[in-house]
């Protein structure tokens, strides 16, 4: 009897395809069991007691392995049930897997899988809550408004947690906490929003906010990037900077504190005295401009036989400058008081303004000899040197008498215009009263680089503790160039305003010097290299940087009287300076919210550095006095103390400003007042009637014979009564004591002394 080996389809030609199906299934079960154990450990869930790799269960699964192929198979193989034979049918393997699934407790594993995400959420929630509580106890919760990502990253590296403002990730903040936990991963936005939701009811201990925002969480004294002060000494506005410039003379100290600032006038209000002071300054500047024009030109270029300007114009200008020198040398309050000019002086001033304008703008000629003009030029130089030594800011003036008009509370070059005509200036400020314009002398002789105007952006940090006010200056800065070459013949903003917000709207002029940067910015190293190439004196930059510090210290000191000294308050300022021809800095303005965006490769490098170093000074230094402060340098420090009462609270004096000559509101009459008024009216009526009867009665009815009225008095009384029919008697008759009985006098006294 021959036996036939039946080879299942699919097994021919490849004996090792299913080499050991039992070991294959066992390996799969081991892998699944290991994954289940790992998942249970992560979710803190106990592993099912029945193990899938139990040898006993596996033996029971495969004890009847030979029978899974069917009875016919065993007969065909000669009754052999050996497992060494690898000739199996596909149905036998499928039945084996089904048998294994049916006999093992897989339903327990399936039912426990939905609880794993919930357990993971609980674990993540507990971890986040622990971090939140720890951050609150260590005062490490912060809120940042705006796109100051450098500040966020710097604080997060220090272990701080962010309390998100409502505008940041608004869509994610509208989701539930469970939905956020499903997608939360380390460092992603979902995790940040989950932590912010948990931290929402805790105060923030570091707040970076805008200037106009309300100060929140004041009770915990957070680090806040805002220092509040009154608007009259808020140097981050034009109006406040003017107020500080008026006060800084009381704090001036050579080498420490001093302010270089173009002279200014507030023409935005109805201050007539300041308007008159500006007109006087404008006329004085016109006189100096004319003398500068004469000094800068040769005498032969200024004269002509057909000239229309006489020497009296030069005499008037010299007289003006002489008067200025006398006032500067012997300055007193009487000299400072502006007196209204006489009619003759008004005519003389107007004549001078017309003729000097013809010379400066139309190149009109003088009708004098060359020798006389040379003498005028010598005197002009003499008096100009005297006044410039007394007033260094006059060295910045030229011969154009230009003034720059700035809105009092605007920034980024908005609303700024340049004018030279007095009428145009006064008309512009009158038409824009709501903008509170500041009129400032334009710097006509600045330091130029390759015939182009520039300014310097310097950073200052102001910090306040419970006992000190610290002024920090940054040792790095950058230059901003105009896109056009400098000229006084064209007054467009693209030439004279170097703000990046203004210059980015214009293209660079094609014939501009090729050595200037295309992005209109230089780093400090590039500027130092330029100074070395141009042969500037040694120490020029040190002189400039020390001037920066002196200006900023003077501004802060002048504003301290109106500054709220709150512990942990700080503020970062962007300060704009120009340089004169001798590398002396001139303060232009101070911005409380400087632009820190990476607009160019220069700002992309320096702005993040400034923010990182700011966090070092504000956050790290109070905890560690030896902590690094980056490039911030302590320029000045002021110690202060607040007088406190017995209860430990600062002493305060609260009051209300008294207003004189104000019509007080009429009070509502009480019942008692109305009753008194009614009684007084009745008394007044009865008294008037009695007086009229006494006046009209003949003298014989009066008991006292000495009280007879003379004929002359009778005539005057009758005349008075006839002209004022049924009116009150004349004052003469009323004041005659003899005709008033005691009852009448009592009634009159009651009438004029009772409360109204």
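Keep in mind that glycine also has a Cβ here, set from the backbone N, Cα and C atoms.
Look at Swiss-Prot and you will find 440, 441, 442, 443, 453, 455 tagged as ATP binding site. In the shown protein chains, 21 other C-beta atoms lie within 10 A of the C-beta of residue 441 (ATP binding site).
Taken from Swiss-Prot, the feature compositional bias 'Low complexity' applies to 716-727.
If you look up Swiss-Prot, you'll see 272-629 marked as domain 'TTL'.
The region 'Disordered' annotation in Swiss-Prot covers 104-123 (among others).
If you look up Swiss-Prot, you'll see 709-736 (among others) marked as region 'Disordered'.
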In three-state DSSP terms, the structure that residue 440 (ATP binding site) belongs to: strand
Other C-beta atoms that fall within 10 angstroms of the C-beta of residue 440 (ATP binding site): 21
Per DSSP, three-state class assigned to residue 453 (ATP binding site): coil
Number of Cβ atoms other than its own within 10 Å, given for residue 443 (ATP binding site): 22
Pairwise Cα distance maximum in Å, ATP-binding residues per record: 440, 441, 442, 443, 453, 455: 18
